[in-house]
Amino acid sequence: MPSAFQFQCHLVLIFLAASKGETRYLEVRDAGEDDPFLLLSEDLKRELSAGQIYRRSLRCIDMLSIEGQFTFTADQPQLHCATFFIGEPEELITIHYDFVNIDCQGGDFLKVFDGWILKGEKFPSSLDHPLTTSQRYVDFCESGNIERSIRSSQNVAMIFFRIQQPGNGFTVTVKKSSNLFPCNVISQTPSGRFTMVIPHQHRNCSFSIIYPVVIKISDLILGHLNGLFLKKPSAGCAGVGDFVELLGGAGLDPSKMFPLADLCHSFHGSAQMKIGCDNTVLRMVSSGKHINRVTFEYHQLDLQETETRKENSIEEFCFPTI
């Protein structure tokens, strides 16, 4: 049976809702009747002709991976609603308020969060985001017309809202723009290939794959000599300044995940690891002194591969929860 985290995230967090306003956290709610993967349909994207605007109503709990105009109208008091947005790794998301009719004085709210948050765990983590946690929230009831367009810092964002009066609601337009140097990313798929580049910037970047995976690093440029090191309590790459680490865990926040391995130095070749955790993260720490680059590919771990784990170049630490 899949773990609770896999159930939540493999269905693209579609079954999450915001808890009470003072916590700003999300909790698992009942599943909807529709197949959540239909919300990420590539067929729908192909069917839209150039210049055509996609429009539809929002559910209380929803997931969007496509541009368009989306309207939510309450048919009854809705206290715990959230919409998650995700783009391709190289995309940023802009959310524009076209129309808002909510009762801020009566306890309604409509907030944008720069990233995703699940049961108190954030992506990107506070260590990897350029803004403080409080700056990552934009509350319509506080900002009003001052901030009618909010752009994310990565390929994921979300809104969560409470609307108590039937008939009230809002309309937003979602657009995407290019990000030349994607930093923090949540993968839409359990397999893929990606190159992360940090050009002379002092920042940390995480690539999150919400599946147990086999991850293969084929190229790493940090401006150092060759080397590959297992993570140990008294060792690692923390003093090097520029390194890549592999993390695994059962939550969303990379800063709360278990460190599996450090790659401290440049190499050309292949380093592979099977990670059976619910969430796998490749995280690059950059001092800003170099142009750092890492290329990797990944695919979902299956039962046969867990049986041949001795073939790994690095010992695995997490196992699929089966």
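Easy rule for this one: first residue shown is 1, then count along the chain.
Cβ atoms are placed via backbone N, Cα and C, with glycine included.
Summarising the annotation, TrEMBL assigns disulfide bond to Cys60-Cys81 (among others). The Cβ of Cys60 (disulfide bond) has 20 other Cβ atoms within 10 Å, all protein chains considered.
Per TrEMBL, the feature disulfide bond maps to Cys104-Cys141 (among others). Counting every protein chain shown, the Cβ of Cys141 (disulfide bond) has 15 other Cβ atoms within 10 Å.
The disulfide bond annotation in TrEMBL covers Cys183-Cys205 (among others). Listed in sequence order, Pro124, Asp128, Ser153, Gln154, Met196, Ile198, Arg203, Cys205 are the same-chain residues at least 6 apart in sequence whose CB falls under 8 Å from the CB of Cys183 (disulfide bond).
The disulfide bond annotation in TrEMBL covers Cys237-Cys264 (among others).
Positions annotated as disulfide bond by TrEMBL: Cys277-Cys318 (among others). Cβ-based neighbour count (10 Å, all protein chains) for Cys277 (disulfide bond) stands at 30.
Taken from TrEMBL, the feature domain 'Corticotropin-releasing factor binding protein N-terminal' covers 52-177.
Look at TrEMBL and you will find 185-306 tagged as domain 'Corticotropin-releasing factor binding protein C-terminal'.
Under the heading signal peptide, TrEMBL lists 1-21.
Take the CB of Cys237 (disulfide bond) and look out to 10 A: across all protein chains shown you find 21 other CB atoms.
When the disulfide-bonded residues Cys81, Cys104, Cys205, Cys264 are compared by the number of other CB atoms within 10 angstroms of each CB, Cys104 has the fewest.
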